Each structure stands twice: as C-alpha cells, then as structure tokens.
Amino acid sequence: MEGKRSQGQGYMKKKSYLVEEDMETDTDEEEEVGRDRVRGSRGSINRGGSLRLCQVDRCTADMKEAKLYHRRHKVCEVHAKASSVFLSGLNQRFCQQCSRFHDLQEFDEAKRSCRRRLAGHNERRRKSSGESTYGEGSGRRGINGQVVMQNQERSRVEMTLPMPNSSFKRPQIR
C-alpha cells in the first residue's frame, strides 16, 4: 500500500508540472500577440516589455503604472483631464463618454463629454423623468405591482386606500 501511495503522489507531481508548463506556453503566446499589436501600431517594439505610451503627440508618460482605464484607452491621466491636447496635428479633448479624442468644436465650453453624447444622455433623462411619478429609475411600484404613471398634464394620480375603521391589518415585517 505504501508503494501505491508514493506512486500516486509522483503522478500528481508530474501532472501539476504539465499544467504549469502549459500555462507558461499560454502566457508566452499572449505576450507574442501583444507584441504584434504594438508592432503594428507603433512600428517597432520594446524588447523589455510591451511599449505603453500615451497616444498624445510627444507625451512620454509611462503607462505601466497607470490605472487600468488609462492603459485601456492609451491616454495618461494628465491628458485625459486636459482641456485641450495636440493630437494628429489638431487641438482635441478627451471625451469621458466616448473614451476618445474629439475636435474642440464638438464640446460645449469646458465640458468633458461631446455634444452628441450629452444630447443622448439628456434625452434619456427627460424621457424617463416624465414617465414615472417617483423620478428617474427609482423603481417604486404602485397598486398591484404596476408602475404608477402620470398623464401628459402631470396631474395627480388618484389612489383609494382602505378605510381606517375596516378590518384591514398591516402585516408586520420582522
């Protein structure tokens, strides 16, 4: 029995080694794919690791230590919050809604979202506030589980409540 136990443990060690080896080859393949992407976008690769720079012209901010959001969109925190940056020969601003750079003409004054996205946001806000008595997305329900709706003139909704003398008893929630 002792021989079987040691034989079984050896088998497990070999199997775990194989799993580790598979994981190493998977990560190597992912790194090669990442390098190919960088090579296509920047023209050359950095052998010490993937090249992570802000996409703004002449910005040398190292994105390795940046937050995931900034790495994902390839923009450093300074340029994401800047009122204007020089990118591709144009003055642009980073839109928080689109997560892209747009021309300055697409923004209202010092806003951080472009007009197109703000218009959609405002439309959704107006649409939902007119439909519900309790405000935008509150999720409050009326009688019989139906959402209490207001009419076009925003009149009051009539509700009939049980008489105080009746035998109606409220259930106590514990």
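Cβ atoms are placed via backbone N, Cα and C, with glycine included.
Some features that Swiss-Prot has for this protein:
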type	residues	note
REGION	1-42	region 'Disordered'
COMPBIAS	19-33	compositional bias 'Acidic residues'
BINDING	Cys95, Cys98, His102, Cys114	Zn(2+) 2 binding site
MOTIF	111-127	motif 'Bipartite nuclear localization signal'
REGION	118-148	region 'Disordered'
REGION	155-174	region 'Disordered'
COMPBIAS	163-174	compositional bias 'Polar residues'
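In the three-state DSSP assignment, the secondary structure recorded for Cys114 (Zn(2+) 2 binding site) is strand. In sequence order, Arg93, Phe94, Gln97, Arg100, Phe101, Glu106, Phe107, Ser113, Arg116, Arg117 are the residues of the same chain, not among Cys95, Cys98, His102, Cys114, whose CB sits within 8 A of the CB centroid for the Zn(2+) 2 site. All protein chains included, Cys98 (Zn(2+) 2 binding site) registers 14 other Cβ atoms within 10 Å of its own Cβ. Annotation for His102 (Zn(2+) 2 binding site): same-chain Cβ neighbours under 8 Å, separated by at least 6 residues, are Gln92, Arg93, Cys95, Cys114.
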